[in-house]
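Here is what TrEMBL says about this protein:
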type	residues	note
ACT_SITE	208	active site, nucleophile
BINDING	236, 237, 238, 239, 259, 260, 261, 262	substrate binding site
SIGNAL	1-23	signal peptide
């Protein structure tokens, strides 16, 4: 009997140690998890579930709340103007039961990007619509056509012009993109490759809301919404609206969503990869960490984070440690927490 008690004690201590190490999270369903400390988005999604809405409804309304609130200036209208001063939006939503996806990219003049993404999923056989054509589709679906520019985005744009268009996303062009505005051209002859400058992008350009919702029965849905990188080259699309990159949902395994430097992160399909790790039984925290580590091997200084949750309601997150970004804040809502709760992980 003493041996049995000892075994129980060891197991208990192991659980305590694991919990302190952040390797386990109290699993409970349903669960809503979203990137950054976007509390209102978390509250809205959780409320939708409590009122009997579907997982997809919760994702759409939760991310849509950030579009209304212009979360951090990096979601919704009036933020992240491109090189011509225009704000354009990217969004996606995914149904983990059917693997259906609806997405829009470079969406102009329509504020509710994730709402349009849901209509792409429900009313077309397509996955992704882009640009002005996506806006025309949105209008046919009943969305108002409006200006996404605000005084704030205009002042961001004029300040950027006054700083000789710094930072920007050009390389190996003439005139020298680190010293002046374009129009840029490719040089007649490339003599030596320009030194890659570390992006001046502030880590406070939080980029994206990514959200995973897992219902009582383990049904998974995910989604994202963003206005992309500030001062991007017009036409640029990042990871957010790309299935498997911005987010991924599979009701047989779990869901994941990414935030950060989409140009780099999308090349690794981190959300898809994290879900595949969880399918193999990897703990969500470890799945997130493994995804970050894979990207680190190629670009150690990238800015990014991933959230993960499996079908039991266990969840985790991971981020890449760079100067000015050593911790990542995210929101979790589940029956064990009294209310949507902000959580923090240390970057690796």
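Note that Cβ sites are derived from N, Cα and C of the backbone, with glycine treated the same way.
Worth saying up front: this structure is predicted, and the values here are computed from it rather than measured.
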Taking every protein chain shown into account, which of the recorded positions 208, 259 has the largest tally of Cβ atoms within 10 Å of its Cβ? 208
Among the substrate-binding set 236, 237, 238, 239, 259, 260, 261, 262, as the record gives it, the longest Cα-Cα distance in Å: 16
Give the number of CB atoms, excluding that of residue 260 (substrate binding site) itself, located within 10 Å of its CB. 29
List every residue in the same chain as residue 239 (substrate binding site), at least 6 positions away in sequence, whose Cβ is under 8 Å from its Cβ. 245, 246, 258, 262, 263, 265, 266, 270
Spatial neighbour of the residue listed as 'active site, nucleophile' that is closest, considering only the binding-site residues 236, 237, 238, 260, 261 and their CA atoms: 260
